[in-house]
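Step one of this worksheet: look at the structure below.
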Amino acid sequence: MAPKMNGIGIVPEDTHICVVMVGLPARGKSYIANKAQRYLKWLSIPAKTFNVGNYRRNDAPHPSADFFDTNNAEGERKRRAAANAAVSDMMKWFKSGGVVGILDATNSTKERRKWVVERIASEGVEVIFVESNCDDEELIMANIRDVKTTSPDYVGQDPEKAALDFRERIRNYEKVYKSINEDGDEDHLTYLKIMNVGRKVYINRIQDYLQSRVVYFLMNLHIRPRSVWLSRHGESMLNLDGRIGGDASLSHRGEEYAYKLPDLVRESVGSDRPLTVWTSTLKRTIATARHLPKEYNQLQWKALDELDAGVCDGMTYQEIADTYPEDFQARDKDKYNYRYRAGESYRDVVIRLEPIIMELERSEDILIISHQAVIRCIYAYFMQKTQEESPWVPVPLHTLMKLTPRAYGTELQSYRANIKAVSTWRGKGSTAKHEDPVPEGGV
Amino acid sequence: MDTLLTAEIAANAPRYRRRSSTFIDGIHDVSDEPGNLAPAQLYSTMSGRLFHSGRIAIVMVGLPARGKTHICVSLARYLSWLGVKTRIFHLGDYRRATVEGGHVPQDYFYPNASPASVMLRQKILKKCREDIYAWLNHENGQVAIYDAVNPTASGRLALAKEFAKHDVQTLFIESYVDDQEILKENARNVKISSPDVSDDGSSDPLQAVDLFKFHGMDPDEAAKYYLKRIEEKIPVFETMEEEELNYIKMINAGRAFYYNNVSFNYLSHRIVFYLTNLHIKSRTTFFVRAGPAAEEDSYKADGPLSEDGREYAKKMTETLLRHREQERQAVIDGDGPDLPLRPLTVWTSTRLRTIETAEPLKELGFKVKQRSQMSQINPGLCEKLSERAIRALYADEVEKHELDPYHHRYPRAESYHDLAVRLEPIILELEREQSDLLIIAHESVLRVLYAYLMHCSTMDIPKLKFPRDEIIEIIPAAYQNEAKRIHIRGLDPKTIPGSPEDIRIPVPNDPNGQDSPIPNLSSLPEPAEPVAMGAPEKIVSKKRKGMVSDKVADED
């Protein structure tokens with residue numbers, strides 16, 4: 001297989017795309033931009049977000065609302081200079097192998113968009129505008145509350161004052177805001193307009209495959225606040241023997257975890273609202289989910305099954321190293337790409353997980369009970385782990401993880417069940433049955 | 001085998017379905033083999049339904065000449081490729097089967113039609129719906145595509161309600177066109193390019209007499225006339241604005257989309273994704289092998305073409321260009337419009353011999369693109385082993401391979417399934433390409449791409465053969481694709497057969513002794529085209545006109 005190949009086989013051949021965000025503050029622009037970046041990187045497509053606000057902060061670290069008033073010439077000049085600096089850096093980045101650059105700013109006027117197109121298209125880069133348009137007050141307020149606590153603009157400030165200032169800032173933008181093609185004279189632009197978190201979507205003039213892929217992904221996003229819960233199955237009989245794969249039942253301690261899981265989940269959710277549970281089709285995940293409350297809808301996905309170890313299924317690492325010494329070494333050298341004989345690689349798992357990721361993005365309150373390699377891939381997606389890191393991430397048994405995507409990154413909380421279990425983590429080169437993960441980088 | 005004839009007989013049978021034949025792809029066929037996975041299917045489920053999406057009716061909306069049938073056939077091709085069990089129900093087939101000769105009363109589509117016409121309409125609709133429910137409820141179908149005009153909002157609301165009662169979700173896809181140029185071109189392509197309507201024209205609701213008028217008419221005039229007749233025939237059409245329905249509006253052949261999503265999930269997003277890559281222009285695809293390489297080839301080595309290989313590249317180029325010119329002349333001779341040739345784009349893999357095979361075309365100024373996803377199937381450890389050695393070394397693997405040559409992987413190798421999944425971006429780019437396309441690639445890649453366009457079963461894919469002395473041309477017709485073989489004359493026979501560079505994975509012996517990618521050719525009692533060896537310079541499929549005129553009647 002060609003070395004340039006990535007998760008879904010896209011080799012972008014000379015395509016450079018600039019995704020230009022459009023929308024008022026608190027419409028989830030940064031959130032969308034970061035999500036898109038994370039997704040593309042997960043699929044091995046070089047992507048980077050250029051946040052104009054970060055450039056502007058060099059000049060004006062904690063600006064008040066009137067800085068954003070269009071009548072404020074000084075503010076306007078500084079914001080334009082920041083946009084220009086961000087675009088220049090992006091162009092440099094394209095030359096060093098970048099493929100999808102994301103320009104994160106409001107770009108809320110026709111003039112600004114015209115400037116962006118002229119500036120970027122002249123360098124042979126395709127421009128696609130992505131607008132998040134929302135008139136749901138509740139959603140906007142939720143976003144404001146989220147931003148005022150996490151935005152670097154308001155670090156160390158009184159939250160109440162910050163919220164007021166932020167609303168004032170939005171009002172200044174609203175005065176001049178024009179939705180894309182609102183006047184019908186921007187029909188020549190390539191754009192995606194998402195109204196009220198995907199309830200309505202406009203797509204205009206998609207030019208190539210990669211753009212369609214980006215649009216496809218963004219359509220699946222929503223910006224409602226939510227979390228995803230991940231857990232491995234309870235300890236299995238094969239885990240006890242240090243054997244991989246198989247379709248074994250839970251050990252005694254694994255059963256204990258299954259009993260404890262409903263409490264653990266309730267503690268983590270913080271309320272009685274029901275989650276939707278996704279398991280694999282293997283016995284040990286279904287058994288782990290079986291004591292969850294009746295009102296939790298449960299679905300089994302074949303795509304959540306453990307990485308298929310092929311001929312090594314059911315073996316210990318020592319047996320693999322004895323039977324297939326070359327394979328054992330090859331795997332440690334490039335664990336992400338190594339494919340077990342008649343089995344799968346991590347890369348293969350990422351490919352088959354793509355529908356799951358899409359479905360996960362458009363859902364709320366999902367609890368996934370799956371397997372070590374699969375959880376690693378999903379974890380890598382949310383936490384932006386590289387291909388070198390992700391196959392080695394420790395995911396201990398009997399632990400529930402809660403991932404909460406935020407505008408500026410994903411938050412992780414772990415809940416331990418305090419039920420003993422063997423460790424199934426394995427260090428590079430090791431054939432130990434049960435080994436304690438190296439402390440740093442632990443989940 | 002005349003598709004239309006088959007349609008008329010079959011549509012009166014308890015369960016109507018279209019049939020494919022030798023040169024026509026199998027998009028309307030339903031596999032009865034249990035456990036037969038689709039080419040790019042990632043997993044299977046007990047229910048046979050994927051993505052937890054339940055049962056879905058995709059309902060087409062749009063006036064004639066808006067490319068509806070093309071959209072639903074393409075969509076069915078893609079969904080089936082992903083493993084979603086999909087069938088198309090063309091209401092036109094039912095109308096033709098119910099009304100002799102397809103003559104419907106003048107007021108058939110009028111909102112204030114006479115009671116007799118309304119009754120007739122109800123009868124036709126009922127039969128079609130019954131088949132849809134049978135497919136979704138008893139034949140394990142997941143998606144039914146309902147190809148009809150569906151012109152009114154009230155009709156669509158009622159339809160969605162009725163489907164919901166049967167626990168079927170409804171997604172509407174409207175093809176909305178207000179660009180006069182696109183309309184005219186569609187009308188021209190669909191209707192005017194087939195003046196020979198004698199075998200079918202009588203079934204057109206616009207009536208044969210109208211169509212005969214097109215003969216010898218200025219194409220623009222004829223297109224205008226045709227569009228006017230559509231308006232007279234179907235006076236009321238309301239574009240979709242129903243807030244409460246799930247719908248995708250495809251505007252001016254994919255220039256823009258509007259997507260009103262009430263409750264849909266992954267599968268519908270995937271459909272939008274596919275549609276953003278689809279266009280409705282007609283173009284052909286050619287498949288050809290790369291020439292033989294100079295040194296003994298291997299997967300890892302990347303040798304240049306041999307002398308024979310360069311000779312081959314030249315002859316292939318000449319044959320292809322001559323063929324295109326002949327086709328154009330044939331259209332003109334048949335009183336068709338004198339249109340310039342469509343541009344031709346060439347795709348190769350990143351392998352040297354495919355790039356060099358495209359060299360003569362590149363020198364002539366054709367655009368050549370390299371696509372690294374199109375690199376051949378990875379042979380893994382079996383590379384360069386003889387069949388006997390593979391049988392000796394991996395006896396178990398050979399046994400498994402013979403059971404399922406499509407999904408089985410030799411040690412460290414790719415299976416055809418892996419290849420198909422990796423080729424998905426190519427498939428979407430293939431749909432996106434508007435020029436005629438020549439694909440020069442390894443036989444394994446040609447097999448998979450051919451299988452996508454011609455809807456072959458996974459059992460057949462590893463057995464498809466592409467001898468070097470043939471260019472395969474895939475021509476889109478209204479209801480399906482057809483394949484045509486163009487013979488390349490004067491090649492050294494030793495370069496033609498098999499794949500000397502092919503990995504020698506022992507594909508099970510083919511009982512039919514097929515020598516063409518066209519599936520089950522020799523198993524048919526009476527092939528529609530002569531397939532004797534020493535095939536003529538050019539096989540012109542007589543089907544083509546039939547196919548297009550078949551489409552003439554598509555009005556519901």
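Glycine too: its Cβ is placed from the backbone N, Cα and C atoms.
Where the annotation comes from TrEMBL, it is an automatic prediction and has not been curated.
Summarising the environment of A:HIS233 (active site, tele-phosphohistidine intermediate), the number of other Cβ atoms within 10 Å of its Cβ, over all protein chains shown, is 29. Annotated active site, tele-phosphohistidine intermediate per TrEMBL: A:HIS233, in sequence order.
As annotated by TrEMBL, active site, proton donor/acceptor applies to A:GLU306. Following the DSSP three-state reduction, the secondary structure of A:GLU306 (active site, proton donor/acceptor) is coil.
Residues or ranges marked as substrate binding site by TrEMBL: A:ARG232, A:HIS233, A:GLY234, A:GLU235, A:SER236, A:MET237, A:LEU238, A:ASN239, A:ARG284. Under the three-state DSSP scheme, A:ARG232 (substrate binding site) falls in the strand class. A:ARG232 (substrate binding site) has a Cβ environment of 29 other Cβ atoms inside 10 Å.
Per TrEMBL, domain '6-phosphofructo-2-kinase' is recorded for A:13-225.
Rounded to the nearest whole angstrom, the C-alpha distance between A:GLY234 (substrate binding site) and A:GLU306 (active site, proton donor/acceptor) is 14. Within 10 Å of its Cβ, the residue among the recorded positions A:ARG284, A:GLU306 with the fewest other Cβ atoms is A:GLU306. On the backbone, the CA of A:GLU306 (active site, proton donor/acceptor) and the CA of A:HIS233 (active site, tele-phosphohistidine intermediate) stand 11 Å apart.
A gap of 6 Å separates the Cα atoms of A:ARG284 (substrate binding site) and A:HIS233 (active site, tele-phosphohistidine intermediate). Excluding the listed site residues A:ARG232, A:HIS233, A:GLY234, A:GLU235, A:SER236, A:MET237, A:LEU238, A:ASN239, A:ARG284, the same chain places A:ALA248, A:LEU250, A:SER251, A:GLY254, A:LEU397 with Cβ atoms within 8 Å of the centre of the substrate site Cβ atoms.
Around A:SER236 (substrate binding site), the C-beta neighbours below 8 angstroms that are at least 6 residues distant in the chain are A:GLY246, A:ALA248, A:SER249, A:LEU250, A:SER251, A:GLY254, A:ARG284.
Remark: A:LEU238 (substrate binding site) has A:ILE244, A:GLY245, A:GLY246, A:ALA248, A:GLY314 as non-local neighbours, by Cβ distance under 8 Å and separation of at least 6 in sequence. In the three-state DSSP scheme, A:LEU238 (substrate binding site) falls into the helix class.
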